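Trainee: Got a structure for you, questions after.
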Amino acid sequence: LSFLIFCRKSKGKPNGKKPAPEEKKLYLEPEYTKSRITDFEFKELVMLPREIDLNEWLASNTTTFFHHINLQYSTISEFCTGESCQTMAVCNTQYYWYDERGKKIKCTAPQYVDFVMSSVQKLVTDEDVFPTKYGKEFPNSFESLVKKICKYLFHVLAHIYSSHFKETLALELHGHLNTLYTHFILFIREFNLVDPKETTIMDDLTEVLCSSSSSSSGSSSNGSGNGSSNSAGAQNHVKER
């Protein structure tokens, strides 16, 4: 897996014109953000249990998140086409895939998701990376690989919200999506698996969904509140990653 590159944010359009007003985010409507399939305290669920090896815990959860996010995407995959989603976009940020040689690839959203799911599937089924046999050791690079996997899975979740929430709502699966997102975000926060700069783009949603699930309001405001203010100033500028 390869790294995604952040590009410098532009502070204004070169022609001096005001940016177009941001489209209203349906997934932030209170009537929808309240929807969950459970009221379980996810902050407790993501914590490392006593006497459980950290790598085992990361492996188990990462594999589970991969399967659930893949399943969630499959419910709207027929609406995510090369015509409807010509780029892998989340709000006003466009993602590019980088192949094994580091070549930048501009692709449609379904192509990008296919790259993500195929590469992650290859990793989680590799005994040398995600060992399942007794006595088999995790590689030294395991944690860094988990971080890359979680970053890509976050992109898929964010794309579902930003481009396919209407379809998710029509299928009455928004409660499942909210629950999955909350669990995933609290997990990656618990073990610092994704750089907060990477998730800033969805900080408004994270603040709404995860604030009540976080045991520390201070950490929530520091992690999401500051990011939201930074994001608000750049939401009308297209960025590339």
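Just so it is clear, glycine is given a Cβ too, placed from its N, Cα and C backbone atoms.
From TrEMBL, for reference:
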| type | residues | note |
| --- | --- | --- |
| BINDING | Cys80, Cys85, His159, His164 | Zn(2+) binding site |
| COMPBIAS | 211-231 | compositional bias 'Low complexity' |
| REGION | 210-241 | region 'Disordered' |
Trainee: Excluding Cys80, Cys85, His159, His164 themselves, which residues in that chain have a Cβ inside 8 Å of the centre of the Cβ atoms defining the Zn(2+) site?
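Mentor: Neighbours within 8 Å of the Cβ centroid, excluding Cys80, Cys85, His159, His164: Ile76, Phe79, Ser84, Ala109, Pro110, Val113, Ile160, Ser162, Ser163.
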Trainee: Enter the number of other CB atoms within 10 angstroms of the CB of Cys80 (Zn(2+) binding site).
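Mentor: Other Cβ atoms found within 10 Å: 21.
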Trainee: Counting only residues 6+ away in sequence within the same chain, which have a CB under 8 Å from the CB of His159 (Zn(2+) binding site)?
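Mentor: Result: Cys80, Cys85, Met88, Ala89, Val90, Ala109, Val113.
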Trainee: When a 10 Å sphere is centred on the Cβ of His164 (Zn(2+) binding site), how many other Cβ atoms does it contain?
Mentor: 24
